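Peer 1: Before we start, here is the structure in question, set down as structure tokens.
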């Protein structure tokens, strides 16, 4: 069996987007999608200051900044702070205290992140890790901030002194007041580390046999590349407009219609972007989907099915532009080894991802490889007329690797120059990845232990589809395809364009 080590983040220089070079400024930060923080009405008292005053800077003024952080999410209940239950450990809870102790938050603002304009790059669930999460806020800064330190590494190290070992601040950069990392992020890059035993690759396999299985798995993963409705890979209701919601009339006149349906859907999609793995009380049991397909029976009772084709519109289960996502890359790397466990690193790059989307993509691909689901299930599931229940893979080996931005062109905001991370920041990220993240993530690469053993056992028992339901879906898909012959030509053209957009060497996106 081939042996190598977990790869460290590749230093970034530039990133080629489909038609242009993405240009980002060091004054803004080159990584992250952001979801605005929801303000809490609960306020906290500042923590005891007995042991940190020597490490606390003196505030000179308040400035909007963007902080890049990395963390191992194993010991935390996700990123987002939980005001209702202070006993719940979160990344933001630790970070807020550390910034306060370093001098970045005033006593009067501590405990209310809304006051300081706190926004995050992702709301990761427990077990999800990151090397490229960004937090933006209006922070109290010292007079010497960024003097001979353009990446803000001195500020970063001061904050990191007050953080546990599994959370690290890499840089603190000044930000334009109008910079919106969520809206201006054009690419998000994730990695998923998958034990090869799950794919059926054994220690006794020859190199040729290993290459065959990985190549075959890549053919399955490539089916996800392109722009499709990924409604079967998330909780659909989270991305659906409320049909009962009424817009109040202004001055006795009906509200203005949006300029276009496309523009309206785009705005809704942006406002409802939920990063992969958002913290919530999971309703899944052992990886089962949390959203069933309901079919009315002849006696008006409800029957739960696992696969269905909608021959008629379902007003209670609409699919809109908010359910569409563009995936630029979904590929597996070669066999690697860490602590004696063989694994492959799956790279998933896209504009944005919905709740559970990546984990369901991985779970479905594994089920296809294990011959529990048919080869055409991915193609069928990416059609807006299908409703299919798909498996959800574990979260413990999902890592946010990086993001890219395209700064919006506004009259008061001139163009930005492209730069990569400084060598000092790259070194800090590499050190954290090797010394902290790798040892802790590697323990989840043992397919004979949790979470993989339970997940695979459940997958093998429960994730097949009823033949009659599947045949009905295929029949509906064939009729739909026959009615739209131009779709085949468009699909070919889209595939060629997508491949050309990622054919150039792509470095770690920041």
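Using N, Cα and C of the backbone, Cβ positions are placed for all residues, glycine too.
Pulled these features from Swiss-Prot for this protein:
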ACT_SITE  125  active site, nucleophile
BINDING   190  substrate binding site
COMPBIAS  254-276  compositional bias 'Basic and acidic residues'
COMPBIAS  277-289  compositional bias 'Acidic residues'
REGION    235-300  region 'Disordered'
Peer 1: If one measures from the C-alpha of residue 190 (substrate binding site) to the C-alpha of residue 125 (active site, nucleophile), what distance in angstrom results, rounded to a whole number?
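Peer 2: Approximately 14 Å lies between the Cα of residue 190 (substrate binding site) and that of residue 125 (active site, nucleophile).
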Peer 1: Three states by DSSP: which one describes residue 190 (substrate binding site)?
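Peer 2: In three-state terms, residue 190 (substrate binding site) counts as strand.
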Peer 1: With every protein chain in view, how many other Cβ atoms are within 10 Å of the Cβ of residue 125 (active site, nucleophile)?
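Peer 2: If we count other Cβ atoms within 10 Å of residue 125 (active site, nucleophile), we arrive at 24.
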Peer 1: Could you check what DSSP calls the residue listed as 'active site, nucleophile' once collapsed to helix, strand or coil?
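Peer 2: Note: the residue listed as 'active site, nucleophile' is coil by DSSP, not helix or strand.
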